Amino acid sequence: MGWRRSLLGGGCWLLGTGLGFPLIDKWNNGKWSNWLETRSIQITKTCVIWSLRFPFPRLKNWCKAHRHALRQLGQLGSIFGVLTCCMIMMGLVLSGIVMYLVCIACVITRSFFWRMDAVELAQRFPLISYFRSFLESIANYFLTPLLRWLYLGSVAPFWFLGLLGLLVTLCVHELGHAVIAFAEGIAVERMGIFLCFFIPGMFVTLEESLMDLNTKSRLRIFCAGFWFNIILCLLSLIILVLFLPLMVSPMFKQQIAVSGITPTAERDKLTSLFSVGDELHSINNKEIRRLKDINEAIRSLVLEETSFGICFNKDNMNDTEWFRPFHACCPGLVEDNVDQDMELSEWNCFVQYSFWNTDYPNAVCISDRWLQTQALALGSCPEEIQNNVSYFIPYNGKGGRLMALKRWIPREKVFEQTLLVATTPESLVDSIQWTEYVPRITRPHWLYLLVVKWNPIGIIENLLRLIVLLSAVIGMSNMAPVWRMDGEDIFYWIIYYFFPSGSSRSERIRNKILLVCFTVLFLSSGPLWLFVLVG
C-alpha cells in the first residue's frame, strides 16, 4: 500500500504543478503567477520554489575575517570530495557491469533474476553469485547493526523527526557552500527552499564571477556542502555517544519505563500489568536496561529451548480452586477425550517429564491467579526447598511462554514480581512504548509522568541518529556524478584533469553522454542491490 500511495501522491503533485496551476493561471491572465512572484514564489512543472535574499548579512564579514582558516578547511574538504566522487564512479561502473550480467541471466533463464535458485545461480553465473555474497556480507556486518542502532522506536512520529533532520542537514549543506563562497570572495545572491514531489530541498545562488575563479577555489566551493555534511555527521555522532549521556546522567537514569500503551493492548494479559511510568527491571532474572535487552529476552524465550518452570508441592493438588487435572488443559497427553468446561485461558499446563510415579500425576493445570504468587525456577528447585514432596515442573503449554517480570511501581514505591504465561511475548515491544531515560525524581508524580510520556531525551537522541544518517547519505550522494548535483562539476574536472583534450564540440558531447550514463546507473543502483540481495 505504501508504494501505491506514493505513486498516487506523485501523480496528484504532477497534475497540480504541471497542468492544474498553469491552466488556472492562464485563465486568470497570469495574475496568480505575478502575485506569487511578488512574494518570491515560483511554481514550475514539478517544483514549488521559494527564494529570498541571503538572510545573514554579518556572515559575509565573519567569513572574510577568517578567510585563511576557512580556505584551509575547504581545501581539505575538496580532497575528500574528489576521492569520494572517484569511489562512487568506480562503484557505479561495477553496478553497471553487474546490471548487464543480470539482464543476460534473465534472458537466458527466461525468468526474473530474483526468483532463481541459489545453487543454479552459483553454477551458471558465478560472478553474480560472488557479487551477491559480497552484498550479503555488507548487509550482515554493516547494514544490519546500523539499522538496529538507528531504531527509532515510537517516541515521536517518524515523519516529524525525518523532516526536522532533513531540514537541519540541508541548511548545513547550503550554509557550507555559502561560507566557503564568502571566503573565496564570491557573493551569495539568493537562498531558497523548494518542494519536488513533496520532498524538500534547498539551494543557494552564487554570482556569475564564480566561473572566473581558479580550479582549486571552485573545487573548494563545490565540495563545501559535502564537507559540512560530513562534519555535521561527526559532530552529531560525538554528541550522541559522548556528551549526551554525560549531560543527562545527573537528572535521568538509564532504565526502561513505559511511556505509552496502545489501546488494543489493554485486553492482553501481559500488557495489562503495566501502566505509564512503570519501570521494567528484569525478565526471567535477566536485567533490563535498554530496549535491545527486551528484544534479546523475547528472542531467547521464543527461539531457545530454556527450561523455565516452578517448584511444585504435590500436597497442593488437594486445592481444587487453583489446580485441576491435566486433562483439562494439556491436550495430547492422554488418549481419552475429556469435556473441557473451564475457560482454558485461565489455566496453564505444566508437565514434569522425568517423574513418572503413578501415585500422583506428572502433569497439572495451574490457575493464573495462583501462578502470579510464585517465583520462577530455572532447571531445578533451589537447594533450600528440595525435599520429597517438592519437585521442579516446567511449563509445557502450547499457548505461550512462562515469564517472570520484575517491575518498579513509582506511585507506590514498591517492586512487584509477577509470574505468568504470556501468549504473545512480542506485545512488550509491539504494544508498549518505552523510554530509556527515566527521571531520577518521581515527585510530583504528574511531572514524572509528563516527562516519561514526552520523553525529551529520547526525541533528541533519535533526532541526532537521523542527522548522522541523513548527513552521511546526502553529503556522499551529492558527490555522485549525477546531473544537477555537486558531483557534476567534480566529474567534469576529473575528466578534464585526467583525460586532457581540446574543448571541441565532440568532447563536450562525450562528457555529457558519460554524465547521463552515470546518472542512469545511480538511479538504478538502488533497485539492483535490492534485487541481488532478495534474489
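Every residue gets a Cβ built from N, Cα and C, even glycine.
Note that the structure is a prediction, hence the values are computed from the model and not measured.
Annotation comment: TrEMBL describes 80-113 (among others) as transmembrane segment.
If you look up TrEMBL, you'll see 149-172 (among others) marked as transmembrane segment.
The domain 'Peptidase M50' annotation in TrEMBL covers 163-521. Summarising model confidence by region, the domain 'Peptidase M50' (163-521) averages a pLDDT of 80.
Packing against the transmembrane segment (179-206) from elsewhere in the chain are residues 9-10, 13-14, 40, 46-55, 59-60, 63-64, 66-67, 70-71, 73-74, 77, 163, 166-167, 170-171, 173, 213, 217, 220-221, 224, 228: each is 6 or more residues past its ends and has a CB under 8 Å from a CB in it. TrEMBL lists 179-206 (among others) with the feature transmembrane segment.
Taken from TrEMBL, the feature transmembrane segment applies to 226-248 (among others).
Here TrEMBL flags 463-484 (among others) as transmembrane segment.
Sequence annotations record features per position, and here TrEMBL assigns transmembrane segment to 513-534 (among others).
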Within-chain partners of the transmembrane segment (226-248) [C-beta distance under 8 Å, separation at least 6 from its ends]: 73-74, 76-78, 80-81, 84, 168-169, 172-173, 175-176, 179, 254, 437, 457, 460-461, 464-465, 467-468, 471-472, 474-476, 478-479, 486
